[in-house]
Amino acid sequence: MTDITSKIENKGSARRRGFLRTLAVSAAVSVTMLASSVQAATTWKIQSVWDAGTVGYDLFKEWCDGMEEKTGGELKFTCFPAKAVAADNNGLFDAVRNGVLQGMNPFTLYWSGKIPASVFLSSYPAGPDQPHQWDTMFYSLGMLEKTREIYKKFGLFYVGPIQHDANIIHSKEPINSLADLKGLKMRLPGGMVAEVFAEFGVAAVSLPGSDIFPALEKGTIDAADYVGPAVNWELGFSQVTKYILMGPPGVMSVYQPVDLMDLTVNLRAWNALDPKLQQMVEDEVRIYSQKHYLAIQKRNIEAMEKFKAAGTTVTRLSQEDLQEFRRAAIPVWYRWADKNEDAREIFDMQLNYMMNDTVGYITEEDIKGMK
């Protein structure tokens, strides 16, 4: 009996040892898989051009913070405000190209000196002036694919446009028509915008956003373009100006009515992502574009009530003013389109769209003699 009992106990011990070995192996495999999963997670550092504490930055950071959960932990976006890593716009562009940052959230127009075609990748004086027109050109007429082709030459991948807002002008004196622009010193973004305003006698002054308030306060400038009401209210423009200039009813701005931002990333970082993850990021940018735009529009409505309560008066250009502004802008369009082949290709795409009867902004007569 003793031998039988001993054999039974030995078999039980063997089974327990086998079970423990299996458990240990399973645990080791689980740890290895977990470590592999952690190692596979990708983190991107992305810098926005929004300052910390602004509505623009808060919206973008909220979106970035949600990316890790949406991708099941595969991709994490670490968001930085303006100047946190790259000190200025030139530095930001280079930091993403060189991989110091994996992405950026700029206003697309910032790169007009580096990528001439970028002046046509966001709204410009008297061009397409409705957000849906820009979505149509990017997502239905081939402009997104062409934009990516252009950015690839710089080691960048243009993920997609982000709808933001219209730009408006704050002034010390009322501007009731284009004739009232003559002789004004105005903060403008430069490039095509400054060239068109120069046609109406405006002396353009280039200033970063942080310098606009003191320049208006000291009288260094008479008026200033900046973004929309929501942000401009936060910057205190109602304290140093009495008037806001807009376009005809339904058009908040005649010179930058659809000021687009975007998400642009390092090309190598993009190519390292799984195709399914790439598609997810593209889809999320389109979702965020609408979310950002609608949030800003709500804030604009609230801000305009605050401007009104503070004594600010809105003046509007007429439909006739808009047509005159467009006539002055068309030759400037062509000058910028002639800067290189990419700019011309993007412009031609947009010109065909504006001449289509679904839009009807431009006629053959308007561009007669233009090349």
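Heads up, the Cβ atoms here are built off N, Cα and C, so glycines get one too.
Whatever TrEMBL says is automated annotation, not expert-curated.
What TrEMBL records for this protein:
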type: SIGNAL; residues: 1-40; note: signal peptide
type: BINDING; residues: N167, R187, D225, Q256; note: substrate binding site
type: BINDING; residues: Y226; note: Na(+) binding site
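Features per TrEMBL, on structure.
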residue: N167; record: substrate binding site; Cβ neighbours (10 Å): 24
residue: R187; record: substrate binding site; Cβ neighbours (10 Å): 23
residue: D225; record: substrate binding site; Cβ neighbours (10 Å): 24
residue: Y226; record: Na(+) binding site; Cβ neighbours (10 Å): 19
residue: Q256; record: substrate binding site; Cβ neighbours (10 Å): 28
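In this structure, the CA atom of R187 (substrate binding site) is 8 Å away from the CA atom of the residue listed as 'Na(+) binding site'. Sequence-ordered, the extra residues of this chain that approach the substrate site, with Cβ no more than 8 Å from the Cβ center of N167, R187, D225, Q256, are I168, I169, L188, P189, V193, A224, Y226, V227, S253, Y255. With N167, R187, D225, Q256 listed as the residues that bind substrate, the site has a largest C-alpha separation of 14 Å.
When secondary structure is read from DSSP and collapsed to three states, Q256 (substrate binding site) falls in the coil class.
Annotation note: N167 (substrate binding site) sits in a coil segment as assigned by DSSP. N167 (substrate binding site) sits 6 Å from Y226 (Na(+) binding site), counting Cα to Cα.
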